[in-house]
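Structure, as structure tokens:
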């Protein structure tokens, strides 16, 4: 079956597609969690960017002091933005990769390394851990996405 494109009616029976769905769900849930972490820091640090968000802290000038930035909020927000820049391409390229007929063991390696690297990246960002840990975890995950893209292009090249 290697090298064959999966038929849409067989996707749920395709082990590679199921692995893709599993690891994609994990990283998307992790990315969604970053929104909650950012909101948590905004609320606990009372650091908001929209005037209507400060309404429960008073009106007018008394509420304006809560329109500010906070280092913890910004760190969580930057981690979330980094997820958007890296997980979204993984979702698209990973789907094409899963449909390109890779060996299950190779696909699992790609999906697991990407997922582990992105989870580590989140911890490295939020704790924060010293560099180069965060940078290396970013590079590993990014390389996995490029590797999958290369395999897709190699398999379906029609130029």
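Cβ from N, Cα, C; glycine included.
Note that the coordinates shown come from a computational prediction; the quantities given were computed from them, not determined experimentally.
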Quick one: which of 66-83, 84-101, 102-119 does TrEMBL have down as transmembrane segment?
-> 84-101
Pick from 20-41, 42-63: which stretch is listed in TrEMBL under transmembrane segment?
-> 20-41
